[in-house]
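Structure first, commentary second.
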Amino acid sequence: MANWHEWAELLERVREENPLVHNITNVVVTNWTANGLLALGASPVMAYAKEEVGEMAKLAGALVLNIGTLNDKEVEAMLVAGQAANEAGVPVIFDPVGAGATRYRTETARRIAEQVKLAVIRGNAAEIANMIGEAWTIKGVDAGGGSGDRVALAKRAAEQLGAVVAITGKEDVVADGQTTYLIQNGHPLLTKVTGAGCLLTSVIGAFAAVERDAAAAAVAALVYYGVAAEQAAAKAGERGPGSFQTAFLDALAYTSVDDVKRHGRVEQR
């Protein structure tokens with residue numbers, strides 16, 4: 001695909017194909033993630049048992065791994081599912097929630113990246129930096145006050161990790177090691193909704209299920225998500241984060257390809 005305007009049409013493909021997205025995600029965001037994927041037009045499944053995750057991953061259009069509330073049992077299930085997805089050619093999307101906050105969390109994120117071929121890694125700057133051994137402060141599972149060139153960081157991480165890297169924040173950055181995209185859509189109220197980033201990772205999974213160009217899938221998903229947030233804020237943002245969350249779920253359903261093309265703000269470098 002030639003440019004992001006064409007990639008925006010992936011939204012229609014997601015809604016037409018209704019891809020199955022297998023999520024091994026955290027307990028905080030499971031319901032929100034499932035509802036968000038349904039609103040988008042994808043079909044979510046949450047399967048965690050090591051005894052079935054390999055089989056389920058092979059049935060899915062994409063596998064999403066999220067270490068937000070990790071434990072040894074779940075990590076082993078992620079590795080089984082990830083390796084099964086690799087065998088079946090199913091793209092694996094990874095959210096290294098809180099990498100850098102604790103040694104266990106950081107080591108787990110790196111272990112998954114080493115043992116599973118990842119298509120896209122989506123995180124904040126601190127999480128991505130800590131995955132490649134660079135210093136960047138982190139507060140709990142949120143990026144701290146670290147300073148640095150996020151564009152350069154995304155490029156380095158993509159090269160070192162062998163995956164498309166999406167660093168999200170006030171401005172989103174997507175890098176595949178050769179080309180970098182800056183996305184300027186979104187709204188500050190997303191930071192007031194628990195699991196907004198986790199749902200975004202699963203939305204990337206839905207787009208990756210219908211488009212094997214991982215960079216295209218990531219850019220299209222981020223622009224769509226950001227435009228939906230802007231539309232939700234315009235309708236309900238003044239009433240606060242609760243009203244925004246409801247409006248955002250609606251916006252995920254009604255935001256169109258034309259909306260994305262009209263309101264998307266993407267710079268290619």
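The backbone N, Cα and C atoms fix where each Cβ goes, glycine too.
According to DSSP, M46 (substrate binding site) sits within a strand segment. A simple way to gauge crowding: the CB of M46 (substrate binding site) has 15 other CB atoms within 10 angstroms, across all the protein chains here. According to Swiss-Prot, the feature substrate binding site maps to M46, G195, an assignment based on sequence analysis.
As annotated by Swiss-Prot, ATP binding site applies to R122, T168. Taking all protein chains in view, 26 other C-beta atoms sit within 10 angstroms of the C-beta of T168 (ATP binding site).
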* **Spatial neighbours of G195 (substrate binding site) that are distant in sequence (at least 6 apart) but have CB under 8 A** => V28, V29, W32, T33
* Sorry to bug you, but what's the C-alpha spacing from M46 (substrate binding site) to R122 (ATP binding site), rounded to the closest Å? => 19
* Cα separation, M46 (substrate binding site) to T168 (ATP binding site) (Å, whole number) -> 24
* Structure fact -> Students should find that the Cβ of R122 (ATP binding site) has, within 10 Å, a number of other Cβ atoms equal to 31
